[in-house]
Structure formats: structure tokens, C-alpha cells
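Here is what TrEMBL records for this protein:
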type	residues	note
BINDING	A23, V24, N28, S252, N284, L403, S407	Na(+) binding site
TRANSMEM	12-32	transmembrane segment
TRANSMEM	44-62	transmembrane segment
TRANSMEM	83-105	transmembrane segment
TRANSMEM	165-186	transmembrane segment
TRANSMEM	198-222	transmembrane segment
TRANSMEM	242-266	transmembrane segment
TRANSMEM	278-299	transmembrane segment
TRANSMEM	394-416	transmembrane segment
TRANSMEM	436-457	transmembrane segment
TRANSMEM	463-486	transmembrane segment
TRANSMEM	507-531	transmembrane segment
TRANSMEM	551-579	transmembrane segment
Amino acid sequence: MEKDARPNWDNPMQFVLACVSYAVGLGNVWRFPYLCQMHGGGGFLIPYFIMLLVEGVPLFYLELAIGQKMRLGSIGAWTAISPYLGGVGLASVVTSLYLCLYYNVINAWSFWYLFNSFQSVLPWAVCPINANRTAPIEECEVASPTQYFFYRETLNISSTIEENGGIHTGQALCFLLTWVITYLCIVRGVQSTGKVVYFTATFPYVVLFIYLIRGFTLHGAVNGVKYMFTPKMDQLANPATWINAATQIFFSLGLGFGSLIAFSSYNQYNNNFERQAITVSLINSGTSIFASIVTFAIYGFKATVNYENCLERTRILLLNTFNLAEDTITLDNVLEWIKKLNATYPEQFNEIANDTGNCSLEQELATAVEGPGLAFIVYSEAITNMPLSQLWSVLYFIMLLLLGVGSMLGNITAIITPLRDFRVVSRISSELFNGLVCLFCLLLGLGFTTTSGNYWFTMFNDYGATFSLLFIVLIEVITVSYIYGIKRFEKDIEDMLGHRPNWYWKIMWVVISPLLLIVLFVFYIVNYIMGGTPTYQAWDKEQGKSVLTEYPAFGQVFIVLLLVSSVSCVPLTALYVFCRKRKHGKPLKQQHALSTVSA
């Protein structure tokens with residue numbers, strides 16, 4: 001495909017918004033707050049911003065530079081640098097394919113909740129009545145209305161990954177709708193995406209700002225925000241804090257998928273990607289903090305409500321047990337009365353001791369939840385306690401939907417752009433080819449809408465990308481710094497920007513970033529080996545909670561295939577090129593003669 005025929009963004013703002021829409025995703029809302037909660041609140045921001053400077057921004061810059069210089073997708077870009085490295089781009093495509101297969105399932109859940117929000121009473125606010133209409137359904141009673149709605153109504157989940165009851169029709173229809181919307185957003189490639197990102201990149205901020213105002217008006221919200229910004233500096237001595245900060249930066253910016261290379265390949269040759277890399281990285285991190293403040297305000301509200309409900313139950317129990325006057329015990333002095341009654345009537349108090357509960361606001365705030373559990377259970381439970389809950393529910397799930405769709409645009413572009421660089425594919429119209437890719441992903445992804453689909457979703461989410469992305473980006477930075485050569489890369493950047501990168505970028509690319517990636521890569525392998533048999537959370541309807549369960553043999557084999565399949569593209573492609581050159585009698589010495597690289 002000729003470079004002159006390659007489409008461009010209408011303006012640099014479209015490119016920036018596309019990167020923001022891609023990078024700012026669900027992880028900013030449901031993973032970063034969890035990590036803050038786990039690793040010392042405000043203290044976690046110290047390793048987070050250090051990792052942003054030494055890993056996030058330099059690698060983001062590097063991928064944008066490669067895409068803009070080569071004006072090719074990931075496969076073509078790395079093949080142009082060296083035919084032996086085409087597998088790096090292929091590995092990115094395979095990883096993005098895995099992500100596309102399951103990521104739209106989250107958007108399907110958002111649609112499901114959105115549609116169910118238009119009811120007089122939110123369906124996850126109360127337990128449904130059993131078939132005899134005598135009492136609530138038992139599974140809902142032992143769990144909670146929000147858990148029941150997610151696990152039973154939304155997922156209709158099986159008890160293990162080995163049980164499969166067929167496709168959930170409602171979820172399958174929502175899944176189909178998400179893919180139709182994805183297709184419409186990319187139907188004409190960058191020309192369509194460039195228009196859509198104006199909305200997907202900006203509207204979530206409007207909703208977050210509205211939620212911020214609403215959140216701070218909620219009872220107890222300040223308890224959550226105070227908890228977030230109270231640093232626990234002892235966590236800085238915990239290696240896991242630094243590892244999690246590094247991996248959060250890594251995945252939040254979307255490094256290694258090929259999306260950034262694809263997006264920047266549609267830039268004008270002299271576009272100032274250096275400034276854009278810094279801007280998008282800071283916007284992404286700022287959004288994580290902004291979303292965390294909103295989340296912790298909601299956390300504070302939910303924790304305070306739960307804490308006060310616990311105190312109220314204890315208050316009534318004490319009044320009834322010791323025949324006290326109604327106004328004797330209040331929420332403010334119930335803890336004092338527990339101590340007083342325990343000292344005065346130890347035997348009588350001992351009979352009800354197990355029923356008083358350990359009411360603790362600190363414990364409620366410390367209960368860390370991430371992923372779908374935060375987005376679809378904790379948040380939805382908090383929404384039910386708000387006045388005009390239907391309005392807040394609609395706003396919240398529209399925001400989740402837009403965050404998910406924005407990320408999907410980058411994920412699907414990472415597949416389509418490299419494939420369209422091939423001469424055979426470039427002859428097919430964008431509408432047809434993009435439709436075929438979406439249809440392919442839709443059909444393969446239907447498995448995630450079965451009753452055991454959530455367990456497969458967890459498997460793909462845990463093992464489909466982490467290992468391969470660390471490997472891909474490590475190869476990328478080593479290739480640019482030591483194989484292609486940092487001096488030549490400097491010249492390429494000077495050719496585009498008019499100046500060479502300063503010492504900070506070079507030190508990061510040559511020394512700091514590779515070392516950090518090696519540490520993360522080794523840590524992941526050691527952690528996987530030392531972790532024993534892989535496990536997942538299986539829903540036990542009898543207990544009304546998730547139970548840690550080992551994957552069966554076929555699940556463990558599939559996990560290994562997920563880990564190996566994308567990474568193996570790198571050595572297999574290099575081997576294929578080597579054998580092909582030997583067969584045709586071509587010299588094996590690498591020729592750095594591509595005008596796109598060494599101009």
C-alpha cells in the first residue's frame with residue numbers, strides 16, 4: 001500500500017483524543033483505586049509517579065515515534081526495522097485479538113445494567129421473590145441483592161468452569177450490540193474513529209465531574225477521601241507496591257498492544273509526538289487520581305452506611321436484650337454501651353456477644369475490591385442508597401460504556417491497521433474488511449456469554465496479555481536501543497521533530513526501562529511458578545459467595561497456550577525468515593536499508 005494513500009487524522013487534536021480515549025479505560029476506574037487501597041492510600045502515589053517517569057512516558061514516546069516514522073502498523077513497522085523482528089508485531093496483534101475477544105463482554109454487561117436501570121426500583125436493590133411467592137430467593141438472601149443480580153441475573157453463572165449451561169440470550173444480544181457499535185465507530189478506519197473520539201474521550205469526564213460533586217454531598221464521603229489521602233509510608237518498603245505501580249502504569253497506557261503504533265502511523269510526518277506523549281501520559285495518570293477521589297467518596301458513603309447499619313442492629317439488640325428505654329442508646333454511644341453492659345452483665349452479654357458484630361468503619365474502608373466486583377457490585381450497591389438512584393445508575397453505566405468503547409477502538413485498530421498494510425488486504429474495502437474482523441471476534445467471543453463464560457473471561461484477563469506484553473515491550477526497547485541503534489533512532493526523531501531527544505529519554509531507553517522490564521518479567525515468571533496451581537473464584541450459590549478453586553487440567557493447559565501462543569510468534573517468525581533466506585540463498589546479514597527507517 002502506497003504511503004501517499006495512507007489516511008491521516010484531520011488534526012493533531014483527534015490523535016490526542018484517540019490516545020486519551022484508548023489509554024483512559026476501565027482500569028483507571030476499577031484497578032487504580034484498588035491499588036491505592038491495598039498499598040497505603042496516598043503513599044502509593046510516590047512509586048506510581050516514579051514509575052510513570054522511568055517507564056511509562058519513555059516507552060509511550062518510543063512507540064509513538066516508531067509508528068509516526070514508519071507510517072505502518074506493528075507488523076510492518078518491526079519488519080521494516082528487521083525482517084527477523086516481524087514476530088514482535090505479530091505478537092502484538094495476537095495479544096490484541098485476545099483482548100478484543102473478551103473486552104467487549106464488559107461493555108455488554110454495561111449495556112445490560114444500563115437497560116435495567118430504567119425501572120421504578122433498580123432490580124439489584126431488592127431480592128426477587130421465590131416461585132412460591134412466600135419469601136425472597138434463598139441464594140439472594142445468603143448473598144446480597146447486588147451480588148445476586150450480577151452472578152445470577154447478569155451472568156447466570158455455573159458453579160465451576162467445567163459446567164456449561166449454554167448461552168445467556170440477554171447477554172449474547174448485548175454482546176452483539178457492542179460489536180455493532182464498535183463496527184460503526186471504525187467502519188471507515190481512522191476517518192470514523194477520529195470523529196467518535198471527540199465524544200468517547202470527553203463525556204466520561206463530564207460524568208466523573210458530576211459524580212465528584214454528588215459524591216462529596218453524600219453522608220460519610222469525606223471518610224473515604226480522608227482514607228485515600230492518608231499515607232501509610234511503611235508500604236514503600238513492600239516490593240509488591242513498586243511492582244504493582246509499575247504494572248499499573250504499563251497496562252494503563254496500553255503499551256505493547258500495537259495500538260499506539262497504529263494510531264501514530266496516521267500522523268503527519270512532522271507532528272510533535274513528544275509533547276503529545278507527555279500530555280497523554282499525564283492526562284491518563286491524572287484521570288486515575290481523579291477517578292480514585294470519586295471512587296473513595298463512594299467508598300466512604302457505602303462504608304459509612306454499612307457501619308451505621310451495623311451499629312443500628314447492635315443498638316436494637318442491646319435495647320431488646322437489656323430492656324432499656326428507646327432513647328437510652330444512640331448510634332453515637334452504642335460502642336460505649338457495649339463496654340458498659342459487658343462489664344456490668346458479663347454472663348448475659350456473653351449470650352449475645354456473637355450477634356453484636358464487630359462494627360468498624362476502618363475495616364469497612366479497608367475492604368479492597370477491584371475489577372467487575374468494584375464496577376458492578378460495590379458501585380451498584382452504593383447507587384441503590386442514593387436518592388434518584390435510577391438517574392445515577394444511567395449516568396454511571398453510560399460512563400463505563402464510553403470508557404470501554406474508547407478502549408475497544410484502540411484494541412481493534414491494533415489488529416486492523418497491521419493487516420491492512422499487507423498488499424492483499426489493502427485491496428479489500430475498509431467497510432468489508434473491518435466488518436469481517438468484527439464478525440470474527442463476535443463469533444469467537446460468544447463463548448464468554450455462556451454460563452461458564454465468566455471463568456473464561458477471568459482466565460483471559462489474568463493470563464492473555466500480562467506475560468506477552470512485558471516480553472513484547474522488552475524486545476521493543478532492546479531492539480531500538482541496541483539492535484537498530486540509539487544513534488540512528490535519535491536521527492529519525494530529529495528528522496521528524498527538528499531536534500534530538502535529550503539525555504533523559506536516552507538514559508531511560510538504554511538503561512532504566514530495559515532493566516525495569518527485565519525485573520518485571522522475571523518477577524512475573526517467578527510468581528507464576530511459585531504460585532502453584534492456577535486458581536479462580538467460583539461462585540457458590542449455597543454460601544452466596546465466591547470460593548477459591550483450582551483450574552482443572554484442561555484449564556491449566558489452556559493457560560499455558562495463552563502464555564506461549566503470542567510470545568512464540570517472535571522466535572517462530574525469526575526462524576521462518578532465517579530458513580527462507582537460506583533456502584533462497586540470500587545473505588543472512590541484516591540490511592538496514594529501508595528508507596522509512598534510516599532517512
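Quick reminder: no glycine exception, Cβ is built from N, Cα and C everywhere.
The stretches the transmembrane segment (436-457) and the transmembrane segment (394-416) meet in space: the count of Cβ pairs below 8 angstroms, excluding pairs fewer than 6 apart in sequence, reaches at least three. Here the listed stretches are 165-186, 278-299, 463-486, and the one with the most C-beta pairs under 8 angstroms to the transmembrane segment (198-222) is 278-299. Sequence-ordered, the extra residues of this chain that approach the Na(+) site, with Cβ no more than 8 Å from the Cβ center of A23, V24, N28, S252, N284, L403, S407, are V20, Y22, G25, L26, G27, G254, T287, S288, G406. Contact between the transmembrane segment (165-186) and the transmembrane segment (242-266) is not supported, since fewer than 3 Cβ pairs fall under 8 Å when only residues 6 or more apart in sequence are counted. Put simply, of 44-62, 278-299, 463-486, 507-531, the stretch with the most CB pairs closer than 8 A to the transmembrane segment (83-105) is 463-486.
Among the listed stretches 44-62, 394-416, 463-486, the one sharing the most Cβ pairs under 8 Å with the transmembrane segment (242-266) is 44-62. Among the listed stretches 278-299, 394-416, 463-486, 507-531, the one sharing the most Cβ pairs under 8 Å with the transmembrane segment (44-62) is 507-531.
Relative to the transmembrane segment (507-531), the listed stretch 463-486 leads the set 278-299, 394-416, 463-486 in CB pairs under 8 A. Neighbour list (N284 (Na(+) binding site), Cβ cut-off 8 Å, at least 6 residues apart, same chain): V20, A23, V24, N28, S252, L253.
Residues within less than 8 Å, Cβ to Cβ, of S407 (Na(+) binding site) and separated from it by at least 6 positions along the same chain comprise S21, Y22, G25, L26, Y103, G254.
In sequence order, V24, G25, L26, N28, V29, T200, P204 are the residues near L403 (Na(+) binding site), counting only same-chain partners six or more apart with C-beta under 8 A.
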